[in-house]
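According to TrEMBL, the protein has these features:
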COMPBIAS  1-16  compositional bias 'Basic and acidic residues'
COMPBIAS  100-115  compositional bias 'Low complexity'
COMPBIAS  126-139  compositional bias 'Low complexity'
DOMAIN    25-84  domain 'J'
REGION    1-39  region 'Disordered'
REGION    83-139  region 'Disordered'
Amino acid sequence: MKNKHNQKEEKAQKDTGEEEDQKQDFYTTLNLPKDASPSDIRNAYKALVRRWHPDKNPPSLREEAEAKFKAITQAYEALNDKDNQNMFGLRQGSKREDPSLTISFSTSSSSSGSYSRHRSADSASRRPTTSNSTSSFSYTILRKKPPPIEKRLDCSLEELCFGCVKKIMITRDVVSTNGRAIVKEQELLRIKVKPGWKKGTKITFEGMGDEKPGSLPADIIFSIAEKHHPLFKREGNDLVLAVEIPLVKALTGCTLSIPLLGGEKTNCVFDEVIHPGYEKVIHGQGMPNTREKGGRGDLHIKFRISFPTKLSEEQRSGIVELLQSS
């Protein structure tokens, strides 16, 4: 009888030791001490899932991110589950937010990880479930997203006509991995400006703004602004170019070298009289039309006629005679 009693005590001690080791592993996974409160566990968990969510990591780190994400979620569920609170010595009566946003992660032996978002009014009843081929975990968060951060993105007419890639280095606030401090983080954003974009076009980077404890990261919205051009003015999909010519050329005709957006030039011959309000249109030399593949607007050439400021009496008489006879 004594031997059986000793065996039971040894088994109980062994089970207790295993539970303590498992408990310590869960706290270690969340980078927490053993006496961490439910609030500490929740804050650490939120910070870690943001850091290791597979969708927020590059493909080269995806396998590591999936493993860490699963371990973090499993540790949080074990420490936060009401059925396990007695086992791990947590305070009773802690409540989860409800209704909430539940993000689920699942892996299967025959497929890669998948991620989904859905609303749940009964997320507190969800627990980790396992089978031979599939493991699924869920966690619950209730965080608000602050207003977006709006920034201006200046682009030249050439960049908006032919397209370009803009690289912007930003510095943002992020919550540290322990969830207790705000640290500065630099991020390089790439914006592919498409031909034909106009002033006011908006580009949104979701979740790339400042982050605060208990809140979702803000979005960053870039708004296209057109830089002033020394030659051209944009009007919709068309461009307007103002050319100044002397009165004598306006009256007698001329050949002009007309600049085009992008640096090229084209020669235009004017045989007719260039009068006030006269306009020359070069088709297909405006801005790209985003609604018509390969289409472009027109270049409108408007003229400013330069008049002489002084005339001799002989010149005046000659002009009067010329204009009267015409």
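Residue 1 is the first one shown; counting continues down the chain.
Even glycines carry a Cβ here, placed using N, Cα and C.
TrEMBL: automatically predicted annotations, no manual curation.
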Checklist outcome for this item: Checked against DSSP, the composition of the domain 'J' (25-84) is 48 helix, 0 strand, 12 coil
Item to check | Per-region confidence, the domain 'J' (25-84) (mean pLDDT, whole number) | outcome: 81
